[in-house]
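What TrEMBL says about this protein:
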- Glu312: active site, proton acceptor (ACT_SITE)
- Tyr399: active site, proton donor (ACT_SITE)
- His311, His315, Glu334: Zn(2+) binding site (BINDING)
- 478-616: domain 'Peptidase M1 leukotriene A4 hydrolase/aminopeptidase C-terminal' (DOMAIN)
Amino acid sequence: MKWFILAIPVLMILACQPENHKTALSEGGADPHSYANAAAAFVKHLDLDIAVDFEQQQIKGKASWTIDNSAGATELVFDDSKLNIEKVSLGADESSTTFSFGQEKEFIGKALKVAISADTRQVNIYYTTDKQASALQWLTPRQTAGKKHPYLFTQSESIAARSWIPCQDSPGIRFTYNARVRVPKELLALMSAENPTVKNDSGVYHFKQVHAIPSYLLALAVGDITFKAVDSRTGVYAEPSVLQKAVWEFADMGKMVTAAEKLYGPYRWGRYDLLVLPPSFPFGGMENPNLTFITPTIIAGDRSLVSIICHELAHSWSGNLVTNATWNDFWLNEGFTNYFERRIDEELYGKHEADMQAVFARHALDDAISDMGAGSKDTHLKTDYSGRNPDEGTNDIAYEKGYFFLRGIEAAVGREKFDAFLRSYFDAHAFQSLTTEQFLDYLNKNLIKGDGELEQKINVKAWVYGPGIPANIVAVGSERFKVIDGLLGRWRKTGQLTGLRKEIVSSNEKRYFISQLPADLTATEMSELDKEFHFTASNNTDVQLGWYTLAIRHHYTAADQRIRSYLIENGRMWHIIPLYKALLKTPEGTKTAKEIYKIARGNYHPMTYQAIDKLLK
Ligand code: BES
Ligand code: ZN
């Protein structure tokens, strides 16, 4: 009985803590991509006070960190990439202290070490950002839809937050934040927090993120931005000329949130809004809390690419609520999110839709593994990217091998049981960061429960710590795609294409059809296909990516102009890099790639051009 009586006050204290800031890392784990010594002292809250200067292309201000120093450390270590640190002081009274830097390393930057004392509770850092800050893209008016005002946005994931705010830049360390941001009066500022919906006359905006988040979810956008509600808790921010189209395209947002809640419990962040960025945005979407950032290139005019919103929304549970503790656990973010995304898809758009996504997932996984080599350690779910840029780990191992691992567990225990497990997993770890090992521990205790047969069936070790594709991967298939296989076969036999466009209609169907076209296509066949389907002129970026890759491979020059403008106008990294790679396979292609890149590079985000610089050098 005694332990029970003793446990009551402890449980009461735990229950009263609003959100648990302690993490795998503050308890002694290690993040190879951060200098922060969280075991000694770690941050809990940020008060940010910054001004955005478009002339200097610089953010200037002060980051005041409230810290937990219960261990009595004498040094607090932050991550810093190319920041200019002007002054550091301690406490509300700003008493002076000293600071020093560690050695600068490629992509991870350097340690900023601040001398503190056992009773230090606040550290204030005055700084400015560098022109080369890897998280920041400063757009000229010409690079926006409206062409009148400049625009700034951040992209912090994976380890770029340290280039615009001095922080402990590890996903295992969480903090709440308040911010005051000064911008030119004609612009609106937005963050990954509670947001304003209209501009004010002062150009000063206040933000509050009441939930503890990791640094990679810090985000800011500044531009000529307007807002329109979709329903009572969802809405869209975009430049004025894009807003109406975007609101129409994303009309299902509210339904997506409701479907997600039905699956895995309440949406805990308050509002869920989208910000449609200019086309240089380097991703399809980025799950910044309260405000998903998305590329305008998914506005196809027919709602065909909205599953990206399901994906970013799903991160409000997998990723933002329960976070990978280090980038070596990245599959916990993206594998879970792909699984969750497709469950929302299925709920809203039917099983045939989710089935098609699953087939694409299998293709993507097979491609990733054949690129990396089936025996490569990088094909384990638990990865080791220490000494390398964690962005190299953002591949289909995390996304699709992670997805198939979860599909396998679902198949082994049944959907009902797996859903209950996932829901309890999110609840039990809300606002915490987890390592792969902590997830596996939870899986063992709550689902496998010592059942040896079940453990074998799921095959955990092979999936998480083994290479390639384990034998028990679930088989996937799509009825619609089988029909397309038949149509393809018929065409190859008869040469008869006419009418096919009436049978291959949706974006997924076209994408599949293109992916299954034979390797020995002739130029005549390419132009016959184009006549039937108008692929070259398509505005659907999934179709464009597939078709343009073929066009390059088969020297189908009728697509040259469209490929060129696609590469110049679209900055979505994972939708343009494959095309540059395809071009680089031949000497003429290389010449074309270099010539296009000369014009396009200025439109790309630092992340994007750094990746393409490497390819083209
Ligand atoms: N969080 C990722 C984007 C990301 C990953 C940024 C790693 C930086 C480093 C986001 O949720 C994502 O996965 N976006 C995809 C969406 C797709 C899988 C539906 C994208 O941008 O294509
Ligand atoms: Zn994602």
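The count begins at 1 with the first shown residue.
From the backbone N, Cα and C atoms, a Cβ is placed for every residue, glycine too.
All annotation found in TrEMBL is predicted automatically rather than curated by experts.
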For His311 (Zn(2+) binding site), the nonlocal same-chain Cβ neighbours (under 8 Å, six or more residues apart) come out as Gly284, Gly285, Thr337, Asn338, Glu341
Sequence gap of 6 or more, Cβ distance under 8 Å: name the residues on the same chain that satisfy this around His315 (Zn(2+) binding site), in order along the sequence. Glu287, Asn333, Thr337
Including all protein chains shown, what's the count of other C-beta atoms within 10 A of the C-beta of Glu334 (Zn(2+) binding site)? 25
List the residues in the vicinity of the Zn(2+) site, defined as same-chain residues other than His311, His315, Glu334 with C-beta within 8 angstroms of the site's C-beta centre. Glu287, Glu312, Ala314, Ser318, Gly319, Asn333, Phe336, Thr337, Asn338, Phe340, Glu341
Determine the Cβ neighbour count for Tyr399 (active site, proton donor): the number of other Cβ atoms within 10 Å of its Cβ. 22
Mean pLDDT across the domain 'Peptidase M1 leukotriene A4 hydrolase/aminopeptidase C-terminal' (478-616), rounded to an integer, is what? 96
Would you kindly give the Cα-Cα distance separating Tyr399 (active site, proton donor) and Glu334 (Zn(2+) binding site), rounded to the nearest Å? 5
